[in-house]
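A.B. asks: Okay, handing you the structure first.
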C-alpha cells in the first residue's frame, strides 16, 4: 500500500472511530428501560463517599447521615468491589411525578467523634454519590464565561466558611437537598422514563416551634403551608458536637425532551472543554505520518542492501563487505537470561490479547459507563483467559532457544508478573484497610481473585505451554557459529543505554495526550468513554513501537552488534519510564493530594500500570524485531 493511500485510509478510520464511538448506543440491544406510572415508588440508592484529595472512598453510612430501618447492600460485580463502590438503600423514597417540599428525613444528635469525622470529610472535600434508576446524582453548575451548565458528580458533604465579622473557620454540613428528577414520556407510551437526576445542596439550621414529632414536625425554617422554602444557605447548619441536625429534602419533577437512550450524554460531557478532539486527531496523524516516513526509508534502504549483498560474486568481495550480513552467524545466538525473556514475551502477548479484545468490546458499546465496574471485570476475565496465549508464546520461544524444561518456564510465566502485581496490590490494599476505607478489597473478593488466578489462569498457561512445546521448534534462517564473533567498538550514539532511552520517546508520544484523559478519568473521577480514539491510539502505539525498534535494530546490526534480543525488548519498553515520569508530573500539577497514604497509593498503582505498559510495549517491539531479523536474513544468500 502506498503511503498517501495508507494515510487516507488511516484518516478515514480516525473519523469513523471518532464519530462512531461517542454516538454508539450505551445500552445493549435487549436491555429494557424501567417504566414508571404516576405514583410509583422511586428508590434512591447511596454509593461511596469520594474525594479527589485523598482517593480513599468511604461508605455513605460511615458518617452520621439518616439511615433506613434496614440497610440492604446491592449485589455488586467484581469491578464495582475493586473500585470501592458500596451501593446501599437510603431513606430517600420518592413517588413518580408527586413533588414534595420540606420533607423531614430524620434528626441526628452529633457526637464528638462524629463531628470530628464530618469536619475531616468536609476539609478533604468529600462528595456524596447517589443513584436513581442507575443514573448517578449530579450537581448543575452555571458557567458564567460560557453561558452554559456543567455537571459535577455528587454533592459536597459540606463547606467551610466564616460568620460575618468573624475570622474563625467553621464547618457547615449540607443537610437540605433539593432534588430534581427529569423524566421523558413518549407520545405512544403511557409510562414515564427517568432521564436525569440532579440536586442543589443547602446548609440550613432548621428551627421548629412545637415539640419534635418525627416526620410530622412542622419546621419554621421550611414550611410549604407558609410558602417558606429553602433557596439559600444564609443560616447554615454548623457541625458541632452534641448539637442536633435536622435532615430534609425537596423533590421536583421536570418534563424533559431528552430520550432514555440519550440520558447518559449529560454525564459523558461533564469534562466540558477538556476534550480537545482536534488536538488528539492532529497528534495521531502526525505520529502516523512520521511512522509512514520511517517505514518508507527502511524499505528502500533494505531493498538496496539485499540487492547489493546478493550481487556479490566472490567470497573475497563478501569478506570485504561490512554491515548486517557479517553477523549472520551470531544473530540468532540465544541471549543471556533467555528464560526470563521468554516469560516476559509470553506475558506481553497475554496483555496484548487482553487489551485488544477488551477494546473491541468497548468500541462496540458493550462496556458502557452505565454498567459500573463492567470494564474492570471484563479486563480481569479476559486477562485470565489469555493465559492460554501466554503459555503458548513463551514455550514456542523457549523451544527455539533449545530449552527442554517447559514446565519450569510455564510456572515462571504463570507466576512472575501476576505475583509481582499481587504483592503490590496486597500492600496497597493493606494501606487502604488501615485507613478504614471502603476501597479496601474484602477477603472474599481477594479469595475470588486468587481463585481466578490459580483455578483458571495457571491451568490455561499450562495448556498453552503444552500445545506450544508439542509443535516443531522454529528454525532460524541461518546457522549459528560455534564461536561467538567479537563485537567491534561502537560509536557513542550506539551505546545501548542511549538507544534504549531514545527508542521510548516515540511510542510515548503516541499515547501521552490520551494518557491525560485516562488519568483524569481515574484520579479525578470522570467518565471515560472515547474508546474509538483509544483504539486508534492503540493501533498507532503498535506501529510506532514496531517501527522504532526495527530502525534501531537495523542500525545496531549494521554496526556489527548482534546482541539484539533484550535490546529490542527494552527499546520500546523504555516508553514505560516516560509514562511513569509523566504520571509524576500529573501528580504535582493536576492533583491536590496531600495525605502520605494517598500519595503512596497513586505512585503504587502508577508503578504497576507502568510495569504493565513496559511488558506490553517491550513485547510489541521484540516481536517486530524478531520478524524483521528473520525476514532480512532469509532474503540474502549465505554461502
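Residue 1 is the first one shown; counting continues down the chain.
A Cβ is built for glycine as well, from the same backbone N, Cα and C atoms used for every other residue.
Note: TrEMBL annotation is automatic and uncurated.
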A.B. asks: Looking at 373-392, 393-412, I want to know which stretch TrEMBL calls transmembrane segment.
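C.D. replies: So the range that TrEMBL calls transmembrane segment is 373-392.
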A.B. asks: Are there residues at least 6 beyond the ends of the transmembrane segment (341-367) whose Cβ is under 8 Å from a Cβ of it, and what are they?
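C.D. replies: 17, 20-21, 24-26, 28, 335, 374-375, 378-379, 382-383, 386-387, 389-395, 397-398, 401, 403, 409, 412-413, 416-417, 461, 531-532, 534-535, 538, 565-566, 569, 612, 615-616, 618-620, 622-623.
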A.B. asks: Using Cβ atoms and a strict cutoff of less than 8 Å, what residues sit near the transmembrane segment (446-469) while being 6 or more residues removed from its termini?
C.D. replies: 78, 346, 380-381, 383-385, 387-396, 398-399, 406-407, 409-410, 413-415, 418, 422, 426, 429
A.B. asks: What residues elsewhere in the chain lie close to the transmembrane segment (569-588), defined as a C-beta under 8 angstroms and at least 6 residues from its ends?
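C.D. replies: Cβ under 8 Å, 6 or more out: 341, 344-345, 499-501, 503-508, 511-512, 515-516, 519, 523, 545-546, 548-549, 552-553, 599, 602-603, 606-607, 609-611, 613-615, 617-622.
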